[in-house]
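Q: Take a look at what TrEMBL says about it:
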DOMAIN    5-345  domain 'Aminotransferase class V'
BINDING   Arg41  L-glutamate binding site
BINDING   Ala76, Ser77, Trp102, Thr150, Asp169, Gln192, Asn234, Thr235  pyridoxal 5'-phosphate binding site
MOD_RES   Lys193  N6-(pyridoxal phosphate)lysine
Amino acid sequence: MKKHNYSAGPCVLPQEVFEKSAEAILNFNNSGLSILEISHRSKDFVAVMDEARALALELLGLTGKGYQALFLAGGASLEFLMAPYNLMKENGKAAYLDSGTWASAAIKEAKFFGETVIVASSKEQNYNHVPKGYSVPTDADYFHCTSNNTIFGTQMKEFPNLNMPIVCDMSSDIFSRVIDFSKFDLIYAGAQKNMGPAGTTLVVIKEEILGKNGRTIPSFLDYSKHIKAESMYNTPPVFPVYASLLTLQWLKNLGGIAAIEKINNAKAALIYAEIDRNPLFKGAAVVEDRSTMNATFLLNDEAHAQTFDAMWKAAGISGLPGHRSVGGYRASMYNALPLESVQVLVDVMKELEKSI
Ligand code: PMP
């Protein structure tokens, strides 16, 4: 039986993506070859890469606006250093919002390249909210933020208006909600939440911001080189890019980001209503910053943990335990998680209440 998969990533993908991916492993495009054994320079795969790059921009509403989409390897973690390498001037300065563990990991890498100003941090409150009311130094080369804090279950609802490039790590909520993506100059996201399997990272760049920081950048870390090579500077992660294309096609057929946002809002409303109603549970993040992707919650009395764990496992739920830095539970509800799976979890929470 297929589980209700609440994994924080890699995570649930649409069933049709699993099926079409499996088919392509056996016989890609009826070619008599597996997608795992073809050249990345073959006509069939170049078509996959071209469509994936174009569709990513189309879904984000960025077609024809001076942006390029790349499918790179190395995870979002490599972007933590590629972003400063490409954008921070020698002896320059970058501004970072410290809203969680991943933001903090990005800050650590930026420090290798120059002065890194933390404009605000919620670390002291174990990142239970997104810092607000900060000011960004006007002489910074760029501002970096994290749209969704996967571990803590908080999400930025607003983004600042600034006279500098805005860089955003959207790994855990890209393609999940309508945002004016043209506000950003560099967006990056590991595929393994809303886009596909692990192994590739979507990087969306406004081309005009590149080549201005005066640094000599090693080829593989230079966004311009990847753009020039049409995301084929070296052998790209062929299969993750293909599965990502299938997921993007699924999203387009569903009606795009606006359509999935409605479903995501319904899922989030359902789980948070139960967390707030059920006297056995409490939310971990402050209400106004709650993420629609990762709902973090705790039992008021840990003594019920064993019973609750046995109940949700028996209901076919997988991947619910929270990250060790928060504890409790984390219901990750990425795009492909059906509303019905959230109902199953909510029913278990109600059952637990009745059983006590
Ligand atoms: N940023 C965010 C917001 C994440 O959730 C993660 C991983 N879950 C990362 C960055 C790191 O991604 P990767 O493992 O692809 O390097």
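Backbone N, Cα and C atoms are what each Cβ position is placed from, and that goes for glycine too.
I'm curious about the neighbourhood of these features; can you describe it?
A: Within the model, the domain 'Aminotransferase class V' (5-345) shows a mean pLDDT value of 98, rounded to a whole number.
Within 10 Å of the C-beta atom of Arg41 (L-glutamate binding site) sit 9 other C-beta atoms, taking all shown protein chains into account. DSSP assigns Arg41 (L-glutamate binding site) to coil in the three-state reduction, placing it in neither a helix nor a strand.
In the three-state DSSP reading, Thr235 (pyridoxal 5'-phosphate binding site) counts as coil. Note on Thr235 (pyridoxal 5'-phosphate binding site): other Cβ atoms within 10 Å of its Cβ, all shown chains, come to 10.
The Cβ of Lys193 (N6-(pyridoxal phosphate)lysine) lies under 8 Å from the Cβ of Ala8, Gly9, Pro10, Cys11, Thr150, Ser171, Ser172, Asp173, Ile174, Met293, Ser332, Tyr334, each on the same chain and at least six residues away in sequence.
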Q: Taking only the Cα atoms, work out how far Ser77 (pyridoxal 5'-phosphate binding site) lies from Arg41 (L-glutamate binding site), in Å, as a whole number.
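A: Cα of Ser77 (pyridoxal 5'-phosphate binding site) to Cα of Arg41 (L-glutamate binding site) measures 27 Å after rounding.
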Q: Where does Ala76 (pyridoxal 5'-phosphate binding site) sit in DSSP terms: helix, strand, or coil?
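A: Where Ala76 (pyridoxal 5'-phosphate binding site) sits, the three-state DSSP reduction gives helix.
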Q: Relative to the Cβ of Asp169 (pyridoxal 5'-phosphate binding site), which residues of the same chain, six or more apart in sequence, are found under 8 Å away?
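A: Non-local contacts for Asp169 (pyridoxal 5'-phosphate binding site): Ala76, Glu79, Phe80, Trp102, Ala103, Ala106, His144, Cys145, Thr146, Ser147, Tyr188, Ala189.
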Q: Using the residues the record lists for pyridoxal 5'-phosphate (Ala76, Ser77, Trp102, Thr150, Asp169, Gln192, Asn234, Thr235), what whole-number Å value is the largest Cα to Cα distance?
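A: Pairwise Cα check on Ala76, Ser77, Trp102, Thr150, Asp169, Gln192, Asn234, Thr235 gives a maximum of 30 Å.
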Q: With the Cβ atom as the reference point and anything under 6 Å counting, tell me which of the recorded positions (Arg41, Trp102, Lys193, Asn234, Thr235) are near ligand 1.
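A: Once distances to ligand 1 are taken from each Cβ, Trp102 fall under 6 Å.
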